[in-house]
Amino acid sequence: MINLFLYCRSGYEKECAAEIQHRAAELEIGGFVKTNKKDGYVIFQCFQAGDANILAQKIKLDSLIFARQMFAAKELLKNLPEHDRITPIMEALSDVRNAGELRVETPDTNEAKERTAFCRKFTVPLRQKLKNAGNLLKKENSSRPIIHVCFVASGTAYVGFSFSNNSSPYPMGIPRLKMASDAPSRSTLKLDEAFIHFIPEEEQEQRLSSGMNAVDLGACPGGWTYQLVRRGMFVAAVDNGPMDEGLMETGQVKHYQADGFRFEPPRKNIYWLVCDMIEKPSRVAELIEAWAINGWFKEAMFNLKLPMKSRYQDVSTILETMATVLEENEIKNFSIKCKHLYHDRDEVTVYLSLNPTQ
């Protein structure tokens with residue numbers, strides 16, 4: 001494969017492109033980016049055939065901030081005939097054998113959504129043909145590569161594969177979460193997705209358990225507090241604004257009407273710190289650093305609002321500075337991860353663990 005196809009949020013192609021160029025250069029793999037604003041995807045075309053396979057395997061998807069999903073792809077298939085789109089796709093996938101799953105997708109744009117129904121319908125005959133030809137196993141297998149067919153326009157598609165151990169479990173990298181009817185705001189979905197993304201499923205019961213103590217800085221009206229409460233935690237909600245009455249009636253929330261930047265927890269038994277404040281990202285990062293240096297939490301989830309320009313560079317600098325500050329303050333064992341999640345808008349979610357077990 002010669003191309004690496006990366007899904008991203010529409011409008012963030014430039015950031016995704018800058019990131020993959022940087023990461024490919026670290027592996028000494030040459031290539032160039034092809035993308036258009038609002039496409040919802042980025043193509044990194046390698047100078048050498050086969051290098052895309054290396055990138056798809058060696059660059060961990062979870063380590064990329066702006067890519068939701070990626071796969072190694074052949075050259076763009078154009079002008080697929082309406083009477084037989086399957087044959088050219090089969091020919092392009094001839095060297096992919098015994099894959100475990102097929103995903104026929106589109107980028108996440110309003111225009112592309114018009115092709116969603118076609119993709120669902122087209123999946124059925126294509127899947128059967130791939131099974132008959134040996135490209136796809138008779139039964140789905142989560143340990144085998146995933147075949148991707150992405151229609152970027154009518155009759156135009158990129159085809160390829162991703163490695164199952166370095167791929168999003170969700171089509172196009174988008175988890176479908178339901179908005180709870182009693183949640184105070186849609187921001188609740190951001191923290192819900194963050195917990196699902198950053199905390200392995202087999203560890204969630206232990207690390208997101210009932211009875212834990214948490215602090216939510218900038219809590220009003222309680223979207224993030226809601227996710228902590230529904231997992232059985234006791235929450236110190238810090239905000240000068242009002243909190244949702246339903247949350248307060250649970251008895252699990254204590255509301256501190258205070259400035260989140262000046263608040264100090266009265267008890268130092270906090271496990272989770274969460275923060276979603278509309279503030280300069282560098283200032284929020286400095287606040288989290290101060291809490292970490294004081295040892296006021298074990299795990300933290302916080303959002304950084306993004307500037308309009310140089311977003312990738314600014315986020316990278318903030319994360320690098322945070323790591324340096326923690327090390328300079330004798331915090332040696334920590335883990336920082338960052339992702340532009342589906343439910344994030346002009347922001348990224350950062351996860352910080354002190355003394356991680358892995």
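Backbone N, Cα and C atoms are what each Cβ position is placed from, and that goes for glycine too.
Reduced to three states, the DSSP call for K305 (active site, proton acceptor) is strand. What Swiss-Prot records for K305 is active site, proton acceptor.
A coil conformation is recorded for C220 (S-adenosyl-L-methionine binding site) in the three-state DSSP classification, outside any helix or strand. The annotation S-adenosyl-L-methionine binding site is assigned in Swiss-Prot to S187, C220, P221, G222, G223, D239, D259, D276.
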Using DSSP with the three-state reduction, classify D276 (S-adenosyl-L-methionine binding site) as helix, strand or coil.
coil
Rounded to a whole angstrom, what is the largest C-alpha distance between any two of the residues S187, C220, P221, G222, G223, D239, D259, D276 that the record assigns to S-adenosyl-L-methionine?
20
What whole-number Å value do you get for the CA-CA distance of C220 (S-adenosyl-L-methionine binding site) and K305 (active site, proton acceptor)?
17
So what sits near G223 (S-adenosyl-L-methionine binding site) in its own chain, CB-to-CB under 8 Å and at least six residues off in sequence?
A183, P184, S185, R186, S187, T188, K190, L191, D276
